[in-house]
There are 2 protein chains.
Amino acid sequence: MKGWFEYNWQVRDEWFEVCRRLPLKELIEERTGGVGSILKTLFHIVDVEFSWIRAIEGMEDWEPLFEDYEDLDAVKELSDMCRKQLEEILSNADADKEYSVVHVSWHSEPLVYGEVLRHVIAHEIHHIGQLSVWAKELGIKRVSANYIDRGLGQRMLSGNESRVIF
Amino acid sequence: MKGWFEYNWQVRDEWFEVCRRLPLKELIEERTGGVGSILKTLFHIVDVEFSWIRAIEGMEDWEPLFEDYEDLDAVKELSDMCRKQLEEILSNADADKEYSVVHVSWHSEPLVYGEVLRHVIAHEIHHIGQLSVWAKELGIKRVSANYIDRGLGQRMLSGNESRVIF
């Protein structure tokens, strides 16, 4: 699972870089589809990943409010902070944990730990696809969505991904 | 890995259903972003998944041409045919295979089998994100991108996903 998170975080950071060239007006402009603006999308990706993983770890809810993150730097800072905590959480999760049943306050049915990890991974890739349409409309560079050519295959070979989640 | 393919195939089929309500004119209309039209996106997702997995299995290239698939039924039929073959291919791939080095004619560097599987999985989710923006613009239903609530967690528990790829 480690590779998936690395992939999403690499892609996310590349979008932060691209978005740095846009004025705030474009970042907060309401657009068709998704959660409505580029900045809100980046915030939403971070928020969803962090909330779900904290929840399946049995940690207390911590719900950042979009209103508190008013520009790209603030959302990037939130992203970095959350990632640091997630790296620590996931580095302590072994492969057996992936098959454990978990309960989340906002979802009535029980879920499986690895199912939720895949949910947050797919969630980010889906929203990044939406960003790519808006970027094309704006005429700015679109970040590659390729999983290959990011060094992730080499890391699979050198790491021990089959036995630990992160 | 099985769950990821099931996820993508469920979501893809739901998009085929939604798109059935659109006239061909809307399906082939050139749009901003991605590969340019809804029909071309669905075709492209199928083509890329099939080509890559055949290639890493050392099977000969088989490149469908978009021009030969002129409506939704034709692309759906292609999707069903490819999926049937992929199910067979992947059901014979065990977890060790995931770490094997593979060579693909259109990519100069060697890759890792599991890296390519993740590449095609992410590729589809990314393009589906683009479809969701276009669907919103068209005012039609958007298929849920949720990984949860598709029975995939339960299948994790009942299956043996840790040991076989499909």
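Every residue gets a Cβ built from N, Cα and C, even glycine.
Going by TrEMBL, these are the annotated features:
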BINDING   B:His44, B:His123, B:His127  divalent metal cation binding site
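Using the Cβ center of B:His44, B:His123, B:His127 for divalent metal cation, the list of other same-chain residues with Cβ within 8 Å runs, in sequence order, B:Gly34, B:Val35, B:Thr41, B:Ile45, B:Val48, B:Glu124, B:His126. Ranking the binding-site residues B:His44, B:His127 by C-beta neighbours within 10 Å puts B:His127 at the top. Residues near B:His123 (divalent metal cation binding site) in space but far in sequence (CB under 8 A, at least 6 apart, same chain), listed by position: B:Ile45, B:Val48, B:Glu49.
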